[in-house]
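Noted in Swiss-Prot for the protein shown:
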ACT_SITE  Glu95  active site, proton acceptor
ACT_SITE  Cys350  active site, S-methylcysteine intermediate
BINDING   Cys115, Cys119, Cys122  [4Fe-4S] cluster binding site
BINDING   Gly176, Glu177, Ser208, Ser230, Leu231, His232, Asn307  S-adenosyl-L-methionine binding site
DISULFID  Cys108-Cys350  disulfide bond
DOMAIN    101-345  domain 'Radical SAM core'
Amino acid sequence: MTSETSVNLLDFDAEGLVAYCGSLGEKPFRAKQLQRWIHQYNAGDFDGMTDLAKSLREKLKGRASIVMPDIASDHVSTDGTRKWLIDVGNGNAVETVFIPEETRGTLCVSSQAGCAVNCRFCSTGKQGFSRNLSTAEIIGQLRMAEFALRASLGRAPGPNGKAERVVTNVVMMGMGEPLLNYSAVVPAMRLMLDDNAYGLSRRRVTLSTSGVVPMMDRLGAELPVALAVSLHAPNDALRDELVPLNKKYPLRELMAACQRYLKVAPRDFITFEYCMLDGVNDTEAHARELLAVTRDVPCKFNLIPFNPFPESGLIRSKPEQIKRFAQVLIDAGVVTTVRKTRGDDIDAACGQLAGAVKDRTRLAERTGAAGKIIEVRAV
């Protein structure tokens, strides 16, 4: 544990670290050195930072720390998907998932413990909202995953270029609504993009939002990365039921915001995510309606087979119905993919493991036991 006055350096992007070093009487280049040690060499303390002046290392030892999130469990699926459960205190946990593919490795990162948006089909929303994650807790997920994966492959830490990097893409699609934690998410994404940290391109960092229109505009002005929008319905009446935020920012406003974002986006399309729910939003008529509502937004569709959980009362669309729905979109000339289900054997659907932790914690509170996260592993 660190002292109450200790500063966690993982909370700083480049600008913040320069300012912090300045407060110690140090020049800006020291911040770059420090950032490389932390994010490229995986340094956990200051003694090994040999190109820093000893006087600076001593200053840092008394004032700063590098504190990573605590890993509660680490699960590896038979298909190679790897999922970490991160303990963020007070019985709360978030999830980080790595999805390996032949030409890339994608890390799905969480931004909040729980979620206040409360989409009907999302198990995270049913847990309620606990708190925003800090920048350190967000970028810490990438730092933890990158170096754990490198170690498993026998690759040493260090800025060894793209050939050595395991995580090639980051998607802010884990637990929480990223744009409702803007002040912590944006510095974390700046570190993802920084050549003195993880060096990802803007095209390889994707933020997924349920449609917080004012913050979409702000993101476009300040840090336009690739954008995905959780759409899930082709009209306001249905989307009001599935995504309650739609009552505040209806489809007309959302589509206009998407058009504005595309003027500055690193990609020339928006990805619309669409959870396929049997008998709710999956008819061919819904698909045609979807084409109409998105007609002025260059886009592609990512159809997501629903991951059932007991409280939802919803059922996954049948494979043949998903295929028919997709064909309507494809026939209209829109690129459409169906998300492949990954990591079923380790509950890799977002929110499932953390939801189990939440349930155990609530049970412990009722029975008077300590609310400690219990490690569980796939067998």
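A Cβ is built for glycine as well, from the same backbone N, Cα and C atoms used for every other residue.
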Checklist entry - Using Cα coordinates, what distance in whole Å links the residue listed as 'active site, proton acceptor' and Ser208 (S-adenosyl-L-methionine binding site)? => result 16
Item to check | For Cys108 (disulfide bond), the number of other Cβ atoms found within 10 Å of its own Cβ | outcome: 24
Item to check | Of the recorded positions listed as Cys108, Cys115, Cys119, Cys122, the one whose CA lies nearest the CA of Glu177 (S-adenosyl-L-methionine binding site) | outcome: Cys115
Checklist entry - Counting distance between Cα atoms, which of the binding-site residues Cys115, Cys119, Cys122 is nearest Gly176 (S-adenosyl-L-methionine binding site)? => result Cys115
Item to check | Residue from Cys115, Cys119, Ser208 whose C-alpha is spatially nearest that of Cys108 (disulfide bond), among the binding-site residues | outcome: Ser208
Checklist entry - Which of the three DSSP states, helix, strand or coil, fits Gly176 (S-adenosyl-L-methionine binding site)? => result coil
Checklist entry - Taking the residues Gly176, Glu177, Ser208, Ser230, Leu231, His232, Asn307 listed for S-adenosyl-L-methionine, what is the greatest CA to CA distance in Å, to the nearest whole number? => result 19
Checklist outcome for this item: Cβ neighbour count within 10 Å, max among the binding-site residues Ser208, Ser230, Asn307, goes to Ser230
Checklist entry - Of the binding-site residues listed here (Cys115, Cys119, Cys122), which is spatially closest to Leu231 (S-adenosyl-L-methionine binding site) when Cα positions are compared? => result Cys119
Item to check | Under 8 Å by Cβ from His232 (S-adenosyl-L-methionine binding site), same chain, sequence gap 6 or more | outcome: Cys119, Phe121, Arg239, Leu242, Val243, Glu273, Tyr274, Cys275, Asn281
Item to check | Between Cys122 ([4Fe-4S] cluster binding site) and Ser230 (S-adenosyl-L-methionine binding site): CA-CA distance (Å) | outcome: 11
Next on the checklist: Using a 10 Å cut-off on Cβ-Cβ distances across all protein chains shown, tell me which of the binding-site residues (Cys115, Cys122, Leu231) has the largest neighbour count.
Outcome noted: Leu231
Item to check | Candidate with sparsest Cβ neighbourhood (10 Å radius) among Cys119, Gly176, the listed binding-site residues | outcome: Cys119
